[in-house]
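Colleague: Just dropping this structure here.
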2 protein chains.
Amino acid sequence: MAKTFTINEPLDMHLHLRDNDMLRLVAPLTSKTFSGALVMPNLVPPVTTKEALLSYKNRILSACNGDNFIPFMTLFFQNNYSYEFLEDIKNEIIGIKLYPAGITTNSETGVSSMDIEVLRPTLEIMSRLGIPLCIHGETNGFVMDREKEFMPIYESLAIAFPDLKIIMEHITTKDAVELLDKYQNLFATVTLHHLLITLDDLAGGMLKPHLFCKPIAKTPIDRTALLNAALKAHPKLMFGSDSAPHPKHKKECCGCAAGVFTSPIALQVLVELFEKHNSLDNLNDFVSNNAKKIYNLNLKSKTINLVKEDFIVPNVYEYKEEKVVPMYSGETLSWSLEDN
Amino acid sequence: MAKTFTINEPLDMHLHLRDNDMLRLVAPLTSKTFSGALVMPNLVPPVTTKEALLSYKNRILSACNGDNFIPFMTLFFQNNYSYEFLEDIKNEIIGIKLYPAGITTNSETGVSSMDIEVLRPTLEIMSRLGIPLCIHGETNGFVMDREKEFMPIYESLAIAFPDLKIIMEHITTKDAVELLDKYQNLFATVTLHHLLITLDDLAGGMLKPHLFCKPIAKTPIDRTALLNAALKAHPKLMFGSDSAPHPKHKKECCGCAAGVFTSPIALQVLVELFEKHNSLDNLNDFVSNNAKKIYNLNLKSKTINLVKEDFIVPNVYEYKEEKVVPMYSGETLSWSLEDN
C-alpha cells in the first residue's frame, strides 16, 4: 500500500486570491485543501475600508464552494487610519499589510516613506489594539539587495514597537532568517518556491517567466538558510505560499508580471520536500501549528491526507476566460491529495 | 545645424550572424555600418573545418549586399586540432573561440573541461602560430558568480601561455576589468548592453526577456567598472556587441533564449552614451583603433557619419519568416546614421 501522510488544519499565511473570475478560479484551489489563508489586500483599488473588506470576504466565501475554510482578511496599510476605525474593524482582520509604494503588483498606493515617524501614528494604534503588521520588506535598490537593505528597517520597527507583532512576509534571504532570532516580536512567512529555487532557476539556463517573482529568488546560500529553517519548523516561521496568479498571457510576454502560482500543488510538494529531508515530523508545525500560535487561531478540524502516488500537474488551470499556469506545470509530483 | 560625429572603420569584435534567412536578415544590419566584425562560430553544427568556414564566409559575404565589410572568421575550439590543420587555416581566421560545454546558445559541443593539461596541445599550437584565443569565460556555477569564478582560469591560461593572445569575451564584471591590467596577454570585449543594463533592467521591475543574455547583466558596481573602462577607451578593451538575434517567438515565451540584438542601434547608442559622459574623443579608439592594434588589422577606409537627430528604433526587423526585436525597440534614440 502506498505511503500516506496527514496534515491537520493546513494554513497558508500569505495568499493572493484576486477578484472576479480569477478569484472564482483560484479560491477553490486553496479552500479545498487549506483550513484558512491570510488574504492579501492588494486589489485595485486596495482594501482600505470595512465595507470593501466585508464585501471581498463575502466574494471569497462564495467562491469557495462551501468548503470548511476561513479567509483571514487583511487591510492595506495607510498612514491615516484612526483609532476608531481600527478598533471597529479589529475583529474582522488578522493583520494589516504594509507595502512600500510600487514594490510589487498593485502596490502603487503603498507607503512612500518607511520613516518610522511617518508610520508611527497608525503603528501605535495597531500596537495598542494588538493588530499584527505584515510587511513586504524590500527597498527600491538593486534587485538582489532589496530585502537585505530592508533589514535595518525591520530592526528599527521591532525596537520602536516592542508590543507589535511584525511579520516579515515571504522572506528570501539568510539575513532575514537570522533576524528572526534577534527580536522577540519579529516573525516571518516563507513561500514554497523560495524553498526550492534560486535566481539560477529563473535565469541560469533559459529564462523561465513562470518562476519570476518578487522578491526575486536569491542565491543558493539564501535558499539553504530558508530551507533549514523550514525543515526544523523554526517556531517563528510560517508557511505562506504567496501564490500569486497572473493570467497566462501576462506571464508569457515582453513585460512579464511577478508571481508564482503554487496553491494547487503546495501541500504535495511540501510533503515531497520534507520527506526528502527526513523532516516530515516537522511539517505540521511549519504548515499549521506555528501560525496557530503566532496568530492565536482557533480552527475547525480539517484533515488532509496525502498519498505517495504520482500526480501530474495540470498544464493550466482555467475558469471562463482566465487561465493560470501553476508551478511544475505538466510535471509529475510524487505525492497526491488522497481524493484527487 | 544638427551636431555630427564621425566614426572611422567601426569594428564589432564579437558578433553572431547565424545562418540562412536569419543571416540574410541580420548581416546587412552590421555590414552597412561596420568595417568588419569578428563572427562567432557557434552554428549548428559548429564551424570546425576549413570547408565549413569558407562556405560560411561566402554565405555571409553574399548576404552583405556588396558592402565594404570584412567578416573576420573564427573556428569553434576543439581539443584535437592538429598543427597541420591550424597552420593551413591560419590565414582564414582571426582567432579560435572556446566555449565551455552548454554555457550558452549552441555551445553543447564545447569543451567539457577547462583543465589546462587537456587544452594544452591545441593552445600550444595556437601560441606558436600566433592565433588568438577568444573565450566565453563562465563556469557552470550560480548565474551571478559564473564570470567571477572563471577569473582563476583566465589567470592560469595567461600564465601558462604567455605568448597567446587571450580575449575575455563580453566581460560583465569589475573583476574582469581589473584582470586586464594584471596580464599583458589578456584582452577583452564588452557589449553595448552590458555598458547600459544591470540585472535590475531584466528583473527589477517586470521581467524583460529581450534584455535576457548570457553572461547575465550584473550589478551597478560591475556596470560602472565596465562603463568607465570603455569611456576611457582602455587600450586592451574592444567593442564587441555580442548582438545575438533570436526569433521573436523564442524570446517571448516560457523558456526564452539568451541574447540581445543590438547591431542596428549599436553605433547610435554608443555615440549617445559617450557624448553623455563627455568621452566622444575616445569613441574611435573603443570602437575601432583598439581592435586594430590588438588584432593587427588592415582595413579599407570606411567613414560612418552620425547626426544628432531622433531615430525611432523599429519594433522589429524582419526577412521572410524571420523576425527579430532589437534593443530599444520602438524607443527614440537621439543620434541617427546620417543616411538613415
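Quick reminder: no glycine exception, Cβ is built from N, Cα and C everywhere.
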Colleague: In TrEMBL, A:His136, A:His170 are given as binding Zn(2+) 2, so which of A:Lys90, A:Lys97, A:Lys218 is in that site too?
Modeller: A:Lys97
Colleague: Have a look through A:Asp222, A:Asp242, A:Asp281 and flag the one TrEMBL assigns to the Zn(2+) 1 site that A:His14, A:His16, A:Lys97 belong to.
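Modeller: Answer per TrEMBL: A:Asp242.
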Colleague: A:His16, A:Leu17, A:Arg18, A:Asn42, A:His136, A:His246 bind substrate according to TrEMBL; which of A:Ala233, A:Ala258 goes with them?
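Modeller: For the substrate site that includes A:His16, A:Leu17, A:Arg18, A:Asn42, A:His136, A:His246, TrEMBL also lists A:Ala258.
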Colleague: Tell me, what is the mean pLDDT of the domain 'Amidohydrolase-related' (A:113-296)?
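Modeller: So the average pLDDT across the domain 'Amidohydrolase-related' (A:113-296) works out to 96.
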Colleague: Compute the mean position of the Cβ atoms of A:His14, A:His16, A:Lys97, A:Asp242, which form the recorded Zn(2+) 1 site, and then list in sequence order the other residues of that chain whose Cβ is within 8 Å of it.
Modeller: A:Leu15, A:Leu38, A:Val39, A:Met40, A:Asn42, A:Cys134, A:Glu169, A:His170, A:Thr189, A:Gly240, A:Ala244
Colleague: Please report the Cα separation of A:His170 (Zn(2+) 2 binding site) and A:His16 (Zn(2+) 1 binding site) in Å, rounded to an integer.
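Modeller: A:His16 (Zn(2+) 1 binding site) has its Cα 12 Å from the Cα of A:His170 (Zn(2+) 2 binding site).
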Colleague: Starting from the Cβ of A:His136 (Zn(2+) 2 binding site), draw a 10 Å sphere and report how many other Cβ atoms land inside it.
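Modeller: 24, counting other Cβ atoms within 10 Å of A:His136 (Zn(2+) 2 binding site).
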Colleague: Would you list, in sequence order, the residues of this chain other than A:Lys97, A:His136, A:His170 that have their CB within 8 A of the centroid of the site's CB atoms, where the site is the one recorded for Zn(2+) 2?
Modeller: A:His14, A:Met40, A:Leu98, A:Tyr99, A:Thr104, A:Cys134, A:Ile135, A:Gly137, A:Glu169, A:Asp242
Colleague: Based on Cα coordinates, which of the following recorded positions are within 10 Å of A:His136 (Zn(2+) 2 binding site): A:His14, A:His16, A:Lys97, A:Asp242?
Modeller: A:Lys97
Colleague: For A:His16 (Zn(2+) 1 binding site), what is the secondary structure by DSSP, using just helix, strand and coil?
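Modeller: SS state of A:His16 (Zn(2+) 1 binding site) = coil.
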Colleague: If you measure A:His14 (Zn(2+) 1 binding site) to A:Asp242 (active site) at Cα, how many Å is it?
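Modeller: Cα to Cα, A:His14 (Zn(2+) 1 binding site) and A:Asp242 (active site) are separated by 5 Å.
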Colleague: So if I draw a 10 Å sphere around the Cβ of A:Lys97 (Zn(2+) 1 binding site), how many other Cβ atoms end up inside it?
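Modeller: I get 27 for this one.
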